[in-house]
Amino acid sequence: MPVNETLSQYSDWSYTTATAIYVLALVFFLIEQSFGAKGRQAAERTRVRELAGAGGPSTTEVTTEPVTPARSSGRRDRAERIGRMGAALLVLGVLLHFSALLLRGLATHRVPWGNMYEYIMAVTFIAVVTWLLVIRKFAVRHLSGFMLLPIVILMFIGGTLLYTVAAPVVPALQSYWLVIHVSAAATSSGIFLVPGIASIFYLFRSAYERNGKFARFASKLPAADVLDRVAYRTTILAFPLFTFGVLCGAIWAESAWGRFWGWDPKETTAFVAWVVYAAYLHSRATAGWRGTRAAVINTLGFAVTVFNLFFVNLVTTGLHSYAGVG
(Lines of atoms letter the chains of each structure in order from A and count residues from 1; the text may use other names and numbers.)
(Lines give C-alpha, C1' and ligand atoms only; values in the text may rest on other atoms or scores of the structure.)
Protein backbone atom coordinates (compact mmCIF):
# COMPACT_ATOMS: atom_id res chain seq x y z
CA MET A 1 0.00 0.00 0.00
CA PRO A 2 1.24 3.52 -0.77
CA VAL A 3 2.48 5.71 2.06
CA ASN A 4 0.03 8.32 3.32
CA GLU A 5 2.13 11.48 3.00
CA THR A 6 -0.33 13.60 4.99
CA LEU A 7 -0.19 11.36 8.04
CA SER A 8 3.57 11.13 7.66
CA GLN A 9 3.83 14.92 7.78
CA TYR A 10 1.62 15.09 10.86
CA SER A 11 3.85 12.47 12.48
CA ASP A 12 6.94 14.56 11.79
CA TRP A 13 5.27 17.65 13.23
CA SER A 14 4.22 15.75 16.34
CA TYR A 15 7.74 14.43 16.81
CA THR A 16 9.29 17.88 16.45
CA THR A 17 6.73 19.43 18.80
CA ALA A 18 7.25 16.68 21.38
CA THR A 19 11.00 17.29 21.28
CA ALA A 20 10.48 21.02 21.81
CA ILE A 21 8.12 20.39 24.73
CA TYR A 22 10.64 18.00 26.30
CA VAL A 23 13.26 20.75 26.07
CA LEU A 24 10.88 23.17 27.79
CA ALA A 25 10.09 20.59 30.47
CA LEU A 26 13.82 20.03 30.93
CA VAL A 27 14.28 23.75 31.63
CA PHE A 28 11.45 23.70 34.19
CA PHE A 29 12.96 20.69 35.93
CA LEU A 30 16.40 22.32 36.07
CA ILE A 31 14.82 25.41 37.62
CA GLU A 32 13.06 23.16 40.12
CA GLN A 33 16.39 21.53 40.89
CA SER A 34 17.97 24.94 41.47
CA PHE A 35 15.20 26.30 43.71
CA GLY A 36 14.90 23.00 45.54
CA ALA A 37 18.64 22.88 46.22
CA LYS A 38 18.59 26.43 47.58
CA GLY A 39 15.62 25.58 49.77
CA ARG A 40 17.35 22.49 51.13
CA GLN A 41 20.55 24.42 51.80
CA ALA A 42 18.60 27.18 53.53
CA ALA A 43 16.81 24.63 55.68
CA GLU A 44 20.13 23.06 56.59
CA ARG A 45 21.60 26.43 57.61
CA THR A 46 18.53 27.08 59.77
CA ARG A 47 18.91 23.67 61.39
CA VAL A 48 22.59 24.34 62.12
CA ARG A 49 21.66 27.66 63.71
CA GLU A 50 19.09 25.96 65.91
CA LEU A 51 21.61 23.34 67.00
CA ALA A 52 24.17 26.01 67.82
CA GLY A 53 21.58 27.97 69.81
CA ALA A 54 20.73 24.84 71.75
CA GLY A 55 24.29 24.46 72.93
CA GLY A 56 25.99 22.98 69.89
CA PRO A 57 29.55 23.91 68.94
CA SER A 58 29.93 27.61 68.30
CA THR A 59 32.11 26.94 65.27
CA THR A 60 29.06 25.77 63.35
CA GLU A 61 27.57 29.24 63.40
CA VAL A 62 29.33 30.61 60.38
CA THR A 63 28.85 33.88 58.57
CA THR A 64 25.99 32.78 56.37
CA GLU A 65 23.18 35.17 55.59
CA PRO A 66 20.17 34.94 57.87
CA VAL A 67 17.57 32.59 56.46
CA THR A 68 14.06 32.56 57.87
CA PRO A 69 11.92 29.42 57.80
CA ALA A 70 9.38 31.32 55.68
CA ARG A 71 12.01 32.12 53.07
CA SER A 72 13.16 28.51 52.96
CA SER A 73 9.57 27.30 52.71
CA GLY A 74 8.87 29.80 49.93
CA ARG A 75 11.74 28.45 47.86
CA ARG A 76 10.53 24.91 48.29
CA ASP A 77 6.98 25.93 47.33
CA ARG A 78 8.25 27.61 44.16
CA ALA A 79 10.30 24.53 43.33
CA GLU A 80 7.21 22.35 43.82
CA ARG A 81 5.06 24.51 41.52
CA ILE A 82 7.71 24.65 38.83
CA GLY A 83 8.26 20.89 39.10
CA ARG A 84 4.56 20.23 38.65
CA MET A 85 4.52 22.45 35.57
CA GLY A 86 7.47 20.48 34.20
CA ALA A 87 5.64 17.21 34.88
CA ALA A 88 2.54 18.51 33.09
CA LEU A 89 4.68 19.45 30.09
CA LEU A 90 6.27 16.01 30.20
CA VAL A 91 2.86 14.34 30.01
CA LEU A 92 1.89 16.59 27.09
CA GLY A 93 5.14 15.69 25.34
CA VAL A 94 4.46 11.98 25.85
CA LEU A 95 1.02 12.32 24.26
CA LEU A 96 2.50 14.06 21.23
CA HIS A 97 5.31 11.53 21.12
CA PHE A 98 2.78 8.70 21.06
CA SER A 99 0.87 10.54 18.32
CA ALA A 100 4.05 10.70 16.25
CA LEU A 101 4.50 6.94 16.57
CA LEU A 102 0.85 6.18 15.85
CA LEU A 103 0.68 8.47 12.82
CA ARG A 104 3.92 7.07 11.43
CA GLY A 105 2.50 3.57 11.70
CA LEU A 106 -0.77 4.56 10.06
CA ALA A 107 1.11 6.37 7.29
CA THR A 108 3.28 3.36 6.45
CA HIS A 109 0.69 0.63 7.22
CA ARG A 110 3.14 -1.19 9.52
CA VAL A 111 4.65 -0.99 12.99
CA PRO A 112 6.64 2.27 13.32
CA TRP A 113 10.08 0.88 14.10
CA GLY A 114 11.44 -0.23 10.75
CA ASN A 115 14.53 2.03 10.61
CA MET A 116 16.84 3.91 12.98
CA TYR A 117 14.73 7.08 13.06
CA GLU A 118 11.60 5.17 14.00
CA TYR A 119 13.49 2.92 16.40
CA ILE A 120 14.88 5.90 18.31
CA MET A 121 11.40 7.42 18.33
CA ALA A 122 10.09 4.26 19.99
CA VAL A 123 13.02 3.88 22.41
CA THR A 124 12.80 7.46 23.66
CA PHE A 125 9.02 7.18 24.06
CA ILE A 126 9.43 4.11 26.25
CA ALA A 127 12.18 5.86 28.22
CA VAL A 128 9.97 8.86 29.02
CA VAL A 129 7.00 6.67 29.96
CA THR A 130 9.27 4.64 32.24
CA TRP A 131 10.55 7.81 33.90
CA LEU A 132 7.01 9.05 34.48
CA LEU A 133 6.27 5.79 36.30
CA VAL A 134 9.48 6.15 38.31
CA ILE A 135 8.71 9.66 39.55
CA ARG A 136 5.28 8.47 40.68
CA LYS A 137 6.95 5.79 42.79
CA PHE A 138 10.06 7.58 44.03
CA ALA A 139 10.72 11.17 45.13
CA VAL A 140 13.18 11.82 42.30
CA ARG A 141 11.23 14.23 40.10
CA HIS A 142 13.88 16.92 40.51
CA LEU A 143 16.26 14.66 38.55
CA SER A 144 14.02 14.81 35.48
CA GLY A 145 16.13 17.49 33.84
CA PHE A 146 19.19 15.25 33.91
CA MET A 147 17.14 12.27 32.72
CA LEU A 148 15.56 14.22 29.87
CA LEU A 149 18.88 15.55 28.57
CA PRO A 150 20.06 12.31 26.89
CA ILE A 151 16.51 11.66 25.67
CA VAL A 152 16.33 15.07 24.00
CA ILE A 153 19.78 14.54 22.48
CA LEU A 154 18.70 11.17 21.10
CA MET A 155 15.53 12.66 19.66
CA PHE A 156 17.46 15.51 18.06
CA ILE A 157 19.93 13.09 16.47
CA GLY A 158 17.07 10.86 15.34
CA GLY A 159 15.09 13.72 13.85
CA THR A 160 18.04 15.26 12.01
CA LEU A 161 21.01 13.00 11.24
CA LEU A 162 19.03 9.75 11.20
CA TYR A 163 15.73 10.98 9.78
CA THR A 164 14.22 8.72 7.13
CA VAL A 165 11.17 9.51 5.04
CA ALA A 166 8.17 7.26 5.57
CA ALA A 167 8.44 4.22 3.32
CA PRO A 168 7.84 0.46 3.33
CA VAL A 169 10.51 -1.61 5.04
CA VAL A 170 13.01 -3.71 3.12
CA PRO A 171 11.77 -7.20 2.16
CA ALA A 172 13.89 -8.88 4.85
CA LEU A 173 11.89 -7.05 7.53
CA GLN A 174 8.47 -7.80 6.10
CA SER A 175 7.68 -10.40 8.73
CA TYR A 176 5.49 -10.67 11.79
CA TRP A 177 8.74 -11.07 13.75
CA LEU A 178 9.32 -7.35 13.22
CA VAL A 179 6.40 -6.73 15.56
CA ILE A 180 7.56 -9.23 18.18
CA HIS A 181 11.36 -9.07 18.14
CA VAL A 182 11.95 -5.38 17.49
CA SER A 183 9.17 -4.21 19.82
CA ALA A 184 10.75 -6.22 22.66
CA ALA A 185 14.18 -4.81 21.82
CA ALA A 186 12.93 -1.22 21.62
CA THR A 187 10.93 -1.50 24.84
CA SER A 188 13.78 -3.01 26.84
CA SER A 189 16.28 -0.50 25.42
CA GLY A 190 14.03 2.40 26.40
CA ILE A 191 13.65 1.06 29.93
CA PHE A 192 17.39 0.36 30.22
CA LEU A 193 18.09 4.04 29.65
CA VAL A 194 16.61 4.86 33.07
CA PRO A 195 18.66 2.46 35.24
CA GLY A 196 21.78 3.31 33.26
CA ILE A 197 21.54 6.99 34.14
CA ALA A 198 20.38 6.20 37.69
CA SER A 199 23.49 4.05 38.19
CA ILE A 200 25.71 6.88 36.97
CA PHE A 201 24.02 9.19 39.47
CA TYR A 202 24.53 6.54 42.14
CA LEU A 203 28.27 6.47 41.52
CA PHE A 204 28.50 10.24 41.93
CA ARG A 205 26.29 10.27 45.01
CA SER A 206 28.09 7.42 46.75
CA ALA A 207 31.44 9.09 46.02
CA TYR A 208 30.11 12.32 47.52
CA GLU A 209 28.87 10.51 50.62
CA ARG A 210 32.34 9.02 51.11
CA ASN A 211 34.12 12.30 50.48
CA GLY A 212 32.14 15.55 50.47
CA LYS A 213 34.86 17.30 48.48
CA PHE A 214 34.30 15.03 45.48
CA ALA A 215 31.52 15.76 42.98
CA ARG A 216 29.87 18.40 45.14
CA PHE A 217 26.95 18.71 42.73
CA ALA A 218 26.00 15.21 43.88
CA SER A 219 24.76 16.74 47.13
CA LYS A 220 21.64 17.68 45.15
CA LEU A 221 20.98 14.06 44.19
CA PRO A 222 18.73 11.71 46.18
CA ALA A 223 20.31 9.33 48.65
CA ALA A 224 22.40 6.57 47.11
CA ASP A 225 20.03 3.84 48.29
CA VAL A 226 17.11 5.51 46.47
CA LEU A 227 19.07 5.64 43.22
CA ASP A 228 20.10 2.03 43.77
CA ARG A 229 16.46 0.95 44.11
CA VAL A 230 15.45 2.90 40.99
CA ALA A 231 18.21 1.25 38.95
CA TYR A 232 17.51 -2.23 40.28
CA ARG A 233 13.74 -2.21 39.87
CA THR A 234 13.79 -0.79 36.35
CA THR A 235 16.48 -3.27 35.31
CA ILE A 236 14.35 -6.11 36.67
CA LEU A 237 11.52 -4.83 34.46
CA ALA A 238 13.65 -4.54 31.32
CA PHE A 239 15.76 -7.70 31.55
CA PRO A 240 13.00 -10.28 30.89
CA LEU A 241 11.82 -8.25 27.88
CA PHE A 242 15.38 -8.05 26.61
CA THR A 243 15.82 -11.80 27.06
CA PHE A 244 12.56 -12.42 25.21
CA GLY A 245 13.73 -10.14 22.39
CA VAL A 246 17.05 -11.98 22.05
CA LEU A 247 15.30 -15.37 21.94
CA CYS A 248 12.80 -14.13 19.34
CA GLY A 249 15.68 -12.75 17.30
CA ALA A 250 17.33 -16.17 17.30
CA ILE A 251 14.11 -17.82 16.13
CA TRP A 252 13.69 -15.21 13.39
CA ALA A 253 17.32 -15.71 12.34
CA GLU A 254 16.72 -19.44 11.94
CA SER A 255 13.66 -18.73 9.81
CA ALA A 256 15.39 -16.09 7.66
CA TRP A 257 19.00 -17.29 7.45
CA GLY A 258 18.83 -20.96 8.42
CA ARG A 259 20.71 -20.67 11.72
CA PHE A 260 19.78 -19.56 15.22
CA TRP A 261 23.03 -17.77 15.97
CA GLY A 262 25.88 -16.63 13.75
CA TRP A 263 27.84 -14.13 15.87
CA ASP A 264 26.83 -11.26 13.64
CA PRO A 265 28.04 -7.94 15.21
CA LYS A 266 24.51 -7.18 16.40
CA GLU A 267 24.06 -10.65 17.87
CA THR A 268 27.44 -10.55 19.57
CA THR A 269 26.85 -7.16 21.16
CA ALA A 270 23.36 -8.16 22.28
CA PHE A 271 24.82 -11.27 23.91
CA VAL A 272 27.47 -9.19 25.69
CA ALA A 273 24.78 -6.80 26.94
CA TRP A 274 22.67 -9.73 28.15
CA VAL A 275 25.62 -11.20 30.08
CA VAL A 276 26.44 -7.83 31.67
CA TYR A 277 22.86 -7.21 32.80
CA ALA A 278 22.56 -10.78 34.08
CA ALA A 279 25.77 -10.21 36.05
CA TYR A 280 24.35 -6.97 37.44
CA LEU A 281 21.16 -8.61 38.66
CA HIS A 282 23.13 -11.47 40.17
CA SER A 283 25.59 -9.13 41.87
CA ARG A 284 22.81 -6.85 43.09
CA ALA A 285 20.99 -9.80 44.62
CA THR A 286 24.18 -10.93 46.37
CA ALA A 287 24.85 -9.06 49.60
CA GLY A 288 28.57 -8.65 48.94
CA TRP A 289 28.05 -7.02 45.54
CA ARG A 290 25.51 -4.34 46.32
CA GLY A 291 26.35 -0.69 45.92
CA THR A 292 29.18 0.73 43.87
CA ARG A 293 30.38 -2.46 42.21
CA ALA A 294 26.86 -3.37 41.10
CA ALA A 295 26.33 0.18 39.79
CA VAL A 296 29.55 -0.05 37.78
CA ILE A 297 28.31 -3.26 36.14
CA ASN A 298 24.95 -1.67 35.31
CA THR A 299 26.69 1.37 33.85
CA LEU A 300 28.77 -0.96 31.70
CA GLY A 301 25.58 -2.63 30.47
CA PHE A 302 24.18 0.78 29.58
CA ALA A 303 27.37 1.63 27.67
CA VAL A 304 27.12 -1.62 25.69
CA THR A 305 23.47 -0.86 24.89
CA VAL A 306 24.37 2.60 23.55
CA PHE A 307 27.27 1.10 21.59
CA ASN A 308 24.89 -1.45 20.11
CA LEU A 309 22.39 1.25 19.18
CA PHE A 310 24.77 3.54 17.33
CA PHE A 311 28.11 1.96 16.44
CA VAL A 312 26.83 -1.50 15.51
CA ASN A 313 23.83 -0.16 13.59
CA LEU A 314 25.61 2.67 11.78
CA VAL A 315 29.26 1.64 11.42
CA THR A 316 29.58 -2.13 11.25
CA THR A 317 28.34 -4.25 8.36
CA GLY A 318 26.33 -7.38 8.97
CA LEU A 319 23.05 -9.15 8.48
CA HIS A 320 21.37 -6.60 10.77
CA SER A 321 22.29 -3.58 8.62
CA TYR A 322 18.76 -2.24 8.34
CA ALA A 323 19.31 1.23 9.80
CA GLY A 324 17.76 2.90 6.77
CA VAL A 325 20.20 5.82 6.96
CA GLY A 326 21.36 7.47 3.81
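Here the Cβ of each residue, glycine as well, is placed from N, Cα and C on the backbone.
As given in TrEMBL:
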TRANSMEM  13-31  transmembrane segment
REGION    52-77  region 'Disordered'
COMPBIAS  59-69  compositional bias 'Low complexity'
TRANSMEM  85-104  transmembrane segment
DOMAIN    113-320  domain 'Cytochrome c assembly protein'
TRANSMEM  116-134  transmembrane segment
TRANSMEM  146-170  transmembrane segment
TRANSMEM  176-204  transmembrane segment
TRANSMEM  230-253  transmembrane segment
TRANSMEM  265-283  transmembrane segment
TRANSMEM  295-316  transmembrane segment
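Through the fold, the transmembrane segment (176-204) approaches residues 110-111, 113-114, 119, 122-127, 129-131, 134, 143, 146-147, 150-151, 169, 215, 217-218, 221, 224, 227-228, 230-232, 234-235, 237-239, 241-242, 244-245, 248-249, 251-252, 255, 277, 292, 295-296, 298-299, 301-303, 305-306, 309 of its own chain, all at least 6 residues removed from its boundaries and within a Cβ separation under 8 Å.
With a cut-off of 8 Å on Cβ pairs spaced 6 or more residues apart, the transmembrane segment (13-31) and the transmembrane segment (146-170) reach 3 or more such pairs and are scored as touching.
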